[in-house]
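**Q** Mind having a look at this structure? Questions to follow.
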Amino acid sequence: MSEHDNLPERSSGSSPVDLSKGHVEGTGGLPARFENPGLPAHVHRHGDDDDAAARRSERQVAGLFVLSMLATVGFAVAYFAIDKNSTVTLPLVGVTNALHVALGVTLGLSLLGIGLGAVHWAKTLMSDEEIVEERHVLRSDDGARQGAIDVLTEGGESAQIRRRPLIVYTLGGALGLFAVPLGLQLVGSLGPLPKNDLSTTLWSTRIGQRDGKGGRKRKLMRDPEGTAIRLTDVTLGSVFHVLPEGINETEHPLNEKVKASVILVRLEESKIRSQRQRDWGIDGVVAYSKICTHVGCPVGLYEQQTHHLLCPCHQSTFDMTDDCKVIFGPAKRPLPQLKISVDTEGYLVADQGFAEPVGPSFWERG
Amino acid sequence: MSTETPARSADALRKDDDTSAPAKGAGAVGAVASWVDERTGTAKGFRYLMRKVFPDHWSFMLGEIAMYSLVILLLTGTFLTFWFVPSAGHTVYDGSYEPLKGIAMSEAYASTVDISFDVRGGLIIRQIHHWAALLFIVAIMLHMFRVFFTGAFRKPREINWIIGLTLLMLALVEGFAGYSLPDDLLSGTGLRAAEGFMLSIPVLGSYISYMVFGGGFPGEAIIPRLFTVHVLLLPAIIVGLFTAHIILVMVHKHTQYPGPGRTEKNVVGFPMMPVYIAKAGGFFFIVFGITALIAGLVTINPIWAYGPYEPTQVTAGSQPDWYMGFADGALRLLPGFLEFDLLGRTWSFNIFLGAIALIPVLFTIAGAYPFLEAWITGDKREHHILDRPRNAPTRTALGMAAISFYAVLFFAAGNDIMAIKLHLSINDITNILRLSAVILPPLVFWVTKRICLSLQRRDRDLVLHGRETGRIVRTADGRFFEAHEPLDAHTRWRLVAFESNRPLELPEGSDSNGVRRMGAAKQRLRTRLSGFWFNDRIEAVTPAELAAAHHRGEYEALEAAAVEDSHPQEFGGHLHGGAEEIGTSHAYGHLEEEKSDR
């Protein structure tokens, strides 16, 4: 190895270079930049010169391929032999399904055997002498480029595009409009218009209602048992997940649940800070929409001690003693309150629907 | 008709026809090759393809992993469609998984549970599919980082950069669609949040939501619709774009890292046949094999444990798959006051910015970057030699700043988990992350840029003064030096083979008559940006500088000047020696050289 071959020697007559002043250009006789020294000499691998080493590599590659075959056989055996319900305990993994693990491991080994074998073959036995391929500039030569432009202009001229603007404009119009029918069909038929669906819940209708008249108030029912709740059932500190009476008889129960789900708690009346909140509940029993005003997850976590409601999706926190206002997190609006009272049999019922839309904000809610 | 063809008999007409038989030889391979070539004429193209050279570097395998994950996804996904029922129709579970027996659920969920428990080997296919999806997006992103930090997006590869970005965006959507299909509690909660995102879109939000879900949420239309999107629409687009991506890689030929023998006009590496067929082909099996091993040993998305989707239920620690984490994190960080009522309408920017606007905005910025950089540098040449990240400090720093912003959002998606595991207040964690999202990117930018510049200086030092050998030499007059070993030309080339862009000079704002030049403001902006990009820069060592460093007389003069400049009293003499002291003419230098020769 001659390290100094390319070392630039100072040619006579060059002016001194002052490195302390930062970067300097070359001075007399020296090139401005270093030259590319070209490919370094190829260094032989162990197996290139030593036949024993090469044979060892050959055996290793073949061994990996054999491992692959064995694993494949193992997969087939496992597939038929292992009961699909039997379990196995593995270190770190714990108790797990035996068939699943056996299939995964054998499949993995079968594939890895092929892959590792092939790569090992390439690295140890195939030539590792680097090859140089020339690049060519991507652009076409000027003649070809002009030719392409000529084809376009000549084509245009022969079609008389310039001379017949009427055709051009009408064609543009037709092409611009042709997607409209398809788009219209898609946009028009994918779904119904929202109308006031987002603003209403099942609570705003009454049981047995006909043409908006008659019927009785909907009871608050336990979710998922579907049983009515007496005021006396709601002891201090208890939490009820509530759905409106008759929700399973609706056309789309899931769609109704998404909007009508309610959380019911009893607070000490003295702790409630808002007069309206007290008025809309009974004896400290208050009902609020369980749908987060952020993006609509159920606000499922109630902290009994702090009276905070926490949404597990994005951690918006609502204060139940302060009209469910947001005290932390990304939500903006308080959870809407459901006005409740007690019917003649002592069950909790909803007096009216929510006073505002529940759940996530949307453009028209205003 | 000026030229007249003489009349010929049918036999005479055929006598020019080429009916030559294929060349003999080369055995069976030759026979098959001839058969195919005579019908397709592909031998030339095939020869070109088989001889195509690919450079070797570990970072070039990242894109390969993405490619192979896609193949695994297509394969296992097809398997899954044979058992999955894409329907929200109601059914009652009656399979072999005891805890769910008798529970009402959708057919989509029931069939996913069946795939997991009652279809032999179904779970392994499902888990390979899910793991491969996670790996797919990891690999795409790492591949993208590699391309960005090495400047591989420069001319002529801008189109491929944009195709790649589009692929990443589609992969995110495709992943989310697949994640939502089983209709378990977690994915249903994710869809519910997605509906909330749509509702936040100004003007059109509720219409879009009702169109997508075919009415109110959840309805029964979304599962079959998502299924079509997931197995037909998006895969077709992804495969199409991916094909274009690969064809462009072939047309452009692969980029390569700077090194001896590598130029802008060549590709140095190994040929497709046989090396890359074995290496890349083998690597497919390795990726597939590792995915299968992980899928066999590590449970992912155990939907049976979550239960079917029920709108009134939710689990604590609800989180999306990792690749959607950053958008979810953005939602957790955006404060509620960004929502307001104006003109009788609700503007939910607390949701819209993170859930709807974030992804397109990030991708637009990323897509615009190559063109911005090209405009600032004014560089219109083709680039096939990659930049070492340190040699483009501002670009590298911008990339790291973007990654740090992404990382803050990503960690924010786990703020609840962090609060539980670390016993910290979730409010504090969220507030700290909010602050970090603003402060961290500029900080990371500055630190990265300094690190890059320092690394460049270190490279310069290495080239100028060689490697420290650790051998202390005492000269006859009692001075001490450490012998430095000069770099050989090949090693040195890697460190000096880069161009350092210079900031643009601001041209005169007005011409000699005092008239403002057209586009002066644009030019000023460009100059200012160019200054931001290139004011701090380190040039590559030139031969003259190296010569100066090697020549004792000059060097001593410089060294003395430098010492006087900085710390006049600190050094009693030239204790800090250099390669110049043990130059070619020096006895110890020769010794060193001979040693390294062996």
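Quick reminder: no glycine exception, Cβ is built from N, Cα and C everywhere.
What TrEMBL says about a protein is an automatic prediction, not a curated fact.
Okay, these came from TrEMBL:
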type     : residues  : note
COMPBIAS : B:589-598 : compositional bias 'Basic and acidic residues'
DOMAIN   : B:32-258  : domain 'Cytochrome b/b6 N-terminal region profile'
REGION   : B:1-25    : region 'Disordered'
REGION   : B:568-598 : region 'Disordered'
TRANSMEM : B:65-85   : transmembrane segment
TRANSMEM : B:130-149 : transmembrane segment
TRANSMEM : B:161-181 : transmembrane segment
TRANSMEM : B:193-213 : transmembrane segment
TRANSMEM : B:233-252 : transmembrane segment
TRANSMEM : B:282-304 : transmembrane segment
TRANSMEM : B:347-372 : transmembrane segment
TRANSMEM : B:392-412 : transmembrane segment
**Q** Counting Cβ pairs under 8 Å to the transmembrane segment (B:282-304), which of B:65-85, B:161-181, B:193-213, B:233-252, B:392-412 comes out on top?
**A** B:65-85
**Q** For the transmembrane segment (B:347-372), which partner among B:130-149, B:161-181, B:193-213, B:392-412 gives the most CB pairs under 8 Å?
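**A** Going through each listed stretch, the top one turns out to be B:193-213.
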**Q** Determine whether the transmembrane segment (B:130-149) and the transmembrane segment (B:392-412) share at least three Cβ pairs under 8 Å, counting only pairs 6 or more apart in sequence.
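**A** Counting Cβ pairs under 8 Å (6 or more apart in sequence), the transmembrane segment (B:130-149) reaches the transmembrane segment (B:392-412), since there are 3 or more.
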**Q** Could you pull out which residues elsewhere in the chain have a CB under 8 Å from any CB of the transmembrane segment (B:193-213), counting only those six or more residues past its ends?
**A** 176, 180, 219, 221-222, 225, 331, 345, 347-348, 351-352, 355-356
**Q** Find the average pLDDT over the domain 'Cytochrome b/b6 N-terminal region profile' (B:32-258) in the predicted model and report it.
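**A** Mean pLDDT, the domain 'Cytochrome b/b6 N-terminal region profile' (B:32-258): 93.
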